[in-house]
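Chemist: Quick one: this structure, given as C-alpha cells, is what I'll be asking you about.
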Amino acid sequence: MAKGEGGEQYSSASLLNKPVGSDGIKLAKKHEHRNRLSVCNKLCYAVGGAPYQITGCALGFFLQIYLLDVAQLDPFYASIILFVGRAWDAVTDPTVGFLVSRSPWTRFGRMLPWILFSTPLAVLSYFLIWYVPPFEDGKVIWYLFFYCLFQTLQTCFHVPYSALTMFISSEQKERDSATAYRMTVEVLGTVLGTAVQGQIVGMANAPCLPGPGDIIANLNNSASSVGLNESEPVISLDHTKAAYMIASGVICLIYILCAVVLFFGVREQKESCRPRSEPMSFFQGIKLVMGHGPYAKLVMVFLFTSLAFMLLEGNFALFCSSTLGFRNDFQNILLAIMLSATLAIPFWQWFLTRFGKKTAVYAGTLAVVPFMILVVCLKSNLIVTYVVSFAAGVGVAAAFLLPWSMLPDVVDDFQVQNPNSTGHEALFYSFYVFFTKFASGVSLGISTLSLDFAGYISRGCSQPEEVHLTLKVLVSAAPIALIIIGLVILYFYPIDEERRQGNRKLLQEQRDNETDSDTDSTELANVV
C-alpha cells in the first residue's frame, strides 16, 4: 500500500510519446492536454482506495477478538473462520483478475461496472460479519459464509480499482500523480479504520467474566469493589454487540460514499491497441512468474516479513487486553501504531531513494525488532506501551511501503529478459497478493488454534499462564524469527541499485525505438 505501488508499477508498460517534427509535437501536446487529470479527478480516484484499507484494518485488528469475546466462539472454530476466509480471499484475487480481463467494454468502461455492482452486496455482507445471530448451532457457518462472501465482493471492487490506474489516463506522469494521491488516502484509510472501529467499540467494552481466582481476589477487596461498581456505568455484552454494529454501519456508509465518488468522479478511458501476449491459464501464470528468479526470491522475502507483521496485527489487540491488562485502552494503542506508521511513510520514501531499496528493507524491518522484544519483557506499563507502540509504527510503515516499491523493479527485470512477452504486469501483482493472503490465512488460523490449545477463556478477566506465553510468542518471538528468515533470503536477491538503473535505461531505449518507429509510420501515412 505504498506509493511505489503506482509510482513505478506501470513504468514498464507505458510508451513515451515523443514524435519528431512540428506536426507530431503539436499532436503530442494536444494528446497530453486531453489526458491531463484535474486535481478533482485525482482526488475522486484516490478516494476509491479508502474502503479496502478501512475494512482491512478493522478486520485485521478486531475480528479475532470479536469472534472470541463477543460472538463467543470456540477458538478452534474461530481459527477455521480466519484461515478459510483469508485463504478464500487469496484464491479470489487471480480468479477475479482473470474474469475482469475478459469482461466486455461498456459505456461506463470495463472496470467501473465491477466497482458499482459489487458495492451494495459487499456493504451488506460486511455489516452482517459484525452481527451476532440469535442462534448458536449455525453461528460458525454464518460468520464463515459472510466473511468469505465479503472477501469475494471486496476483491470484485479492489482488483478492478487497482487496474483502473491504467485507464484513467494514457500519460504515465498523470497516472503516477494520481497514484500518489491514492497512496495518501489509503494510508489515511488505515488510520480511519482503526479509529472508527476502535473508538466506538472502546466506549462499550463489556466487563470481563471473573474466574475462580478472580472471585477470591474480589472477596478480599469487597468493600472497595462495591464502591467502584456503584459509580461506574453498567456495560453489558449487548452494549458491546451494539457498538460493533454501529462501527460497522459507519464504515459501510464510508464505503458507499467512496464508491459513489469514484464512480461519478472518474472517467475510464478505452485502452490503447498495444500488442499483448496471448492470455494464459492460472497455472501457466504461476509457472511464468515463479520461473523468474528475482521475483521468486522477492516474494519469499516479503512472504516471511509480511507474515511477521500479520501475526503482530492479528494478535496485538488480544495481547494488550489479556496479557498487558489494557482492556479499555487497547484501541488507543492500535491507533498510536497506525498514526506513527502514517507519519513515517514519507521518511521511508526518502530513505529508499537515498540509500537504496535493499538497505531500506533491512533498516525498516529490523527497526521494529527491539520494540517487539521490549513490549513482552517489560512489566505492564501503559505509558511505556504507548511509547513502544508508537516507535514500532515506524517499522510497520516500512512493511507497508517497501514491497510495492520493489515489485516494479522485478517486472522491469522480467521485461528486459523477455522483451517479446508483454501484457503480464498484472500477473506479478496478483500472484504476490495471492501468496501473501494465503500465508496470512495460515498464520491467523494457526495462531488462533494455538490459543485454543493453551486454554483461552472467552471474556475471562484473567487467562491461564499458557495463554500469556502463547500471546508473547505470537507478537514477539515468532515474528522476529520470520523477519530473520526473510532478511536472509533478501541477501540473495540479485536486483541492486546498479542493475535496477541499468534495466530502466534499457527499457527507456526500447520505448524510444518504438516511439520512433510509430512516428515514422505516422509521417509516412501523412505523406501518402
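Cβ coordinates come from backbone N, Cα and C, glycine included.
Predicted automatically and left uncurated, TrEMBL annotations should be read as such.
Take a look at what TrEMBL says about it:
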type: TRANSMEM; residues: 43-65; note: transmembrane segment
type: TRANSMEM; residues: 112-132; note: transmembrane segment
type: TRANSMEM; residues: 144-168; note: transmembrane segment
type: TRANSMEM; residues: 242-266; note: transmembrane segment
type: TRANSMEM; residues: 298-321; note: transmembrane segment
type: TRANSMEM; residues: 333-353; note: transmembrane segment
type: TRANSMEM; residues: 359-378; note: transmembrane segment
type: TRANSMEM; residues: 383-406; note: transmembrane segment
type: TRANSMEM; residues: 426-457; note: transmembrane segment
type: TRANSMEM; residues: 469-493; note: transmembrane segment
type: REGION; residues: 508-528; note: region 'Disordered'
Chemist: For the transmembrane segment (144-168) against the transmembrane segment (383-406), do we get 3 or more Cβ-Cβ pairs below 8 Å once near-sequence pairs (under 6 apart) are dropped?
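Modeler: Counting Cβ pairs under 8 Å, fewer than 3, so no.
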Chemist: Taking pairs 6 or more apart in sequence, does the count of Cβ pairs under 8 Å between the transmembrane segment (298-321) and the transmembrane segment (43-65) hit 3 or more?
Modeler: yes
Chemist: Give the nonlocal contacts of the transmembrane segment (383-406) in its own chain as ranges (CB under 8 Å, at least six residues past its ends).
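Modeler: Same-chain contacts beyond the ends: 1-5, 7-9, 187, 298, 302, 305-306, 309, 320, 324, 326, 332-334, 336-345, 347-349, 352, 357, 360-361, 363-369, 371-372, 374-375, 432, 495.
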Chemist: What same-chain residues lie close to the transmembrane segment (333-353): Cβ under 8 Å, and 6 or more beyond its ends?
Modeler: 2-3, 57, 61, 187-188, 190-191, 194-195, 198-199, 316-317, 320, 326, 359-360, 363-364, 385-386, 389-394, 396-398, 400-402, 405
